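See structure below.
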Amino acid sequence: MTIILGIDPGSRITGYGVIRQQAGKVEYLGSGCIRTSGEQLSDKLKQIYDGISEIILQFKPDLFAIEQVFMAKNPDSALKLGQARGSAIVAAVNAGLPVAEYAARQVKQSVVGTGAADKEQVQHMVKQLLKLPACPQADAADALAVALCHSHTQQTLIRMAGKVHGTARGRLR
């Protein structure tokens, strides 16, 4: 059993999603958003760090996956996003978690089947894959998609290792 924490970073809203991966199946554990307040970026970064640290204490994940920075039209926005990512990554590293990073297109490809999917398509597929009663908020859905992408990647690596080393139905022997 592996618990995966997925993060969709942002300087104003950072989404998080937690899933459990067991025997090739995934189960929803929780999701939400860390909403920062205040004018100073340093205060917002501390709020992100503290929020991620609390989530790590609550869910005790084994793995941490985060979306990479995309090239924004506004360089200032890209810098702030990078700093928000850094704050989240430091929280994970301080908790001893391994960190995996995925491009947004890779996450969408893994969850929806196309790297050009829009937010609504991601929300819908996350709802379907995790058997949720309703679509999660967009930032939380993106974070759950990151966690699902990491889960799919891990399962693929296990299957590939099995072809070399021998596995029983996708699980390491």
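Positions of Cβ are set from backbone N, Cα and C atoms, glycine also.
According to Swiss-Prot, the protein carries these features:
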| type | residues | note |
| --- | --- | --- |
| ACT_SITE | Asp8 | active site |
| ACT_SITE | Glu67 | active site |
| ACT_SITE | Asp139 | active site |
| BINDING | Asp8, Asp139 | Mg(2+) 1 binding site |
| BINDING | Glu67 | Mg(2+) 2 binding site |
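A Cα-Cα distance of 6 Å separates Asp139 (active site) from Asp8 (active site).
Long-range C-beta contacts of Asp8 (active site), restricted to its own chain and to partners at least six residues apart, with a cutoff below 8 Å, comprise Thr14, Gly15, Tyr16, Gly17, Glu67, Asp139, Ala140, Asp142, Ala143, Ala145, Val146.
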